[in-house]
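Take a look at the structure set out below.
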Amino acid sequence: MTESVIHAKGLVKQFGDLKAIDNLDLDVEQGQIYGFLGPNGCGKTTAIRMLTGLLKPTSGDINVLGLSLPKDAEKLRTQLGYMTQKFSLYSDLTVLENLKFMAALYPFKKQQKQQRIDELLHTYGLDQRVDQMAGSMSGGQRQRLALAAAVINKPKILFLDEPTSAVDPQNRRDFWETLFDLSNAGTTILVTTHYMDEAERCHRLAILESGIKRADGSPKQLMTDMHAHVVEIAGAQTRELKKQLATIDHVISATQLGAQLRVLVKKDVQDPVEFIKQQSFCQDTWQVNSVRPSLEDVFVTCTGQGRQ
Amino acid sequence: MSIVTSLSRIKAIVSKELLQLRRDRMTFAMVVMIPLIQLILFGYAINTNVKDIPVAVVDHSQTALSRILVQTVSATNVVKVTDYYDSIEQAQTAIASAKVRAVLFIPHDVANRLAQHPTVGFGLPDGSNESLVRPIAHWLVDGSDTMVASSIKSLRNMPLAELLDKPANRTYPTFETTLFYNPEQRSAVNIVPGLAAVILTMTMIMFTSAAIVKEQERGNMELLITLPLSSLELMIGKVVPYIFIGFIQLFIILGMGKLLFHIPFGGGLVALVVATFAFICASLVLGLVLSTIAKNQLQAMQMTIFILLPSILLSGFVFPYEGMPKAAQWLAECLPATHYLRLIRGIVLKDVNLISMSSDLLWLLAFTILGLAVAAFRFKKTLD
């Protein structure tokens, strides 16, 4: 049994009339990569800020690494790493100057400091760009620099707020490789995202919507436990069909994917393929197949009620 | 231990600020150019010794005497005769259109009037009344600028010695006057140390009022709040680099003041450094407080000007502090510039020691500490 390093219970954050986070419970085990999946404005950043002690919760208990927040926020700070959503290092300083500035804020011994910076430059492929201004680097390079800066103090927990929003798919893959290296070395990582492929890589996932946790578990478990069948329909006039499907009670949603329609049917229907075929507007030329659910299907079934 | 780590964190902020400042050519140029240009501009331009006021003459007498009279008046250097008119009406139009600032009207009987004038020595004819004594000529003055007007008014009792080539019936002064510190009454002597106060107010508040806002606008604040760095450490780290810059500017102002305007430098260096240090800190901290209020750099700049104007007008730089109404004096007492102006004029011109001006110095230090606390507190509040 691995220990829980982040533990939150009944977390609420109220901004005026808006409930940004509503009764959030959370347990993250050591070494896990834990994902917050949710649309923009669902409270992901607010949740992270409370878990790092930057925001005071309106009510609820937080315990991170055995320290109670927000009381012990200052003690905790040296053990955390935080990579912000926007690039927040200094664009008018070079790669090396930025890292030196960060290192100077942590209690390093002189020799250790230089050693750690060299190590990071090497690990994150920045050795060639030591004297380049951070502002003149590409999105991928900047993101590597930001990660290097966030882990300069070898944090026990690393918080990443939409880390790959400004990065191309190849860079995103490489970035996740480094995250798994960190996780393998024992770092707990909490990452927010609105990309499905990214969410699917997490060990565990919480789906957030309007500050409420709709579901959590491993991506696989979430897909298995989903409250819907997934049916794919291939045929002509899919746009017309989509409109008609939307009028049926048992259909949660219908989305077009290329030439096909992906339809989510409620779990209380026994045989979804037969169910579709029995509809009055159904034509014999159509191919109807039951398929494996994806994380996007999970996301769509969990959310949507409270949208607006 | 915690003080040592705290100091090293402040050092990290300071060296970061210095690096950024070095790259910011425009700001760096301003550090040097603002004191240099303003000193040259104001040192020469702000001149309260009025000279060569353009005036016109309306001479109805057209005699040798009237010409000598005009020459004698010109010889004072207070006025410079630029035009001659035939009638008073023409002269008045010239005043209205600001061609000249005053007109000397010489009546046709100027010789008679002079002969009867008691100061010249002939005295009045027997049996005549004192009240019949008439001035020999008449000044019509544009009174809108009080400085110009009072300079011409000072010509009212001009001795007429040269006019008659005999010693004047000199009046004996009631008071003997001895002028300390600025015996030649040059304005530059008073203005240059005052400029140090004004320029430092401007640049110091300007630099730090943008400091916090800039971090916010560029998105660096997101990072700073996540770091193990207290808001007080951040504030101190932001202020320290500009202390050096303040001293560079002071050096430029006083150095150029000595070179260009021969300002006598009487005071002790230690006193100067201590007083300037206190003032720079107070101004920087005031800028920081503004920075925690402003939402963007434009607002920060507007607030800087809001502080700068009263610092110029009320501090005693332009108008003597003693002449201001009570309410304005209280307001002036709140501004760091007022206290520094007294200190630096005292130190540079009169070699006053700091102990006798300790109240001004203490006020600046108290302002600094209070301001730093307010800035750190306000900064903390913006997080939540």
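The backbone N, Cα and C atoms fix where each Cβ goes, glycine too.
Caution: TrEMBL annotation is automatic and unverified by curators.
If you check TrEMBL, you get these features:
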TRANSMEM  B:26-46  transmembrane segment
DOMAIN    B:145-382  domain 'ABC transmembrane type-2'
TRANSMEM  B:191-213  transmembrane segment
TRANSMEM  B:239-263  transmembrane segment
TRANSMEM  B:269-291  transmembrane segment
TRANSMEM  B:303-321  transmembrane segment
TRANSMEM  B:361-379  transmembrane segment
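Counting same-chain residues at least six beyond the ends of the transmembrane segment (B:191-213), those with a Cβ under 8 angstroms from any Cβ of the stretch are 27, 30-31, 34-35, 38-39, 42-43, 46, 221, 238-239, 242, 245-246, 249-250, 253-254, 257, 261, 263, 276, 279-280, 283-288, 290-292, 294-297, 299-301, 303-304, 307-308, 311-312, 315-317, 336-337, 340-341, 344-345, 348-349, 379. Sequence-remote contacts of a segment are chain residues at least 6 beyond its ends whose Cβ falls under 8 Å from one of its Cβ atoms, and for the transmembrane segment (B:361-379) they are 212, 230-232, 234-236, 239, 274-275, 278-279, 281-282, 285-286, 288-289, 291-293, 336, 339-340, 343, 354.
If you look at the transmembrane segment (B:239-263), the same-chain residues 6 or more away from its ends with a CB under 8 A from one of its CBs are 10, 14, 17-18, 21, 31-32, 34-36, 39-40, 43, 186, 188-189, 192-193, 195-196, 199-200, 203-204, 207-208, 272-273, 276-277, 280-281, 283-285, 288, 348, 372. Tertiary neighbourhood of the transmembrane segment (B:269-291): same-chain residues 196-197, 200-201, 204-213, 235, 238-239, 242-243, 246-247, 250, 300, 303-304, 307, 336-337, 339-340, 343-344, 347-348, 352-354, 357, 360-361, 364-365, 367-368, 371-372, 374-375, 378, selected by CB-CB distance under 8 Å and a gap of 6+ residues from either end.
Away from its own ends, the transmembrane segment (B:26-46) comes close to residues 187-188, 191-192, 195, 198-199, 202-203, 207, 245, 248-249, 252-253, 256-257, 260-261 of its chain (Cβ-Cβ under 8 Å, at least six residues beyond either end).
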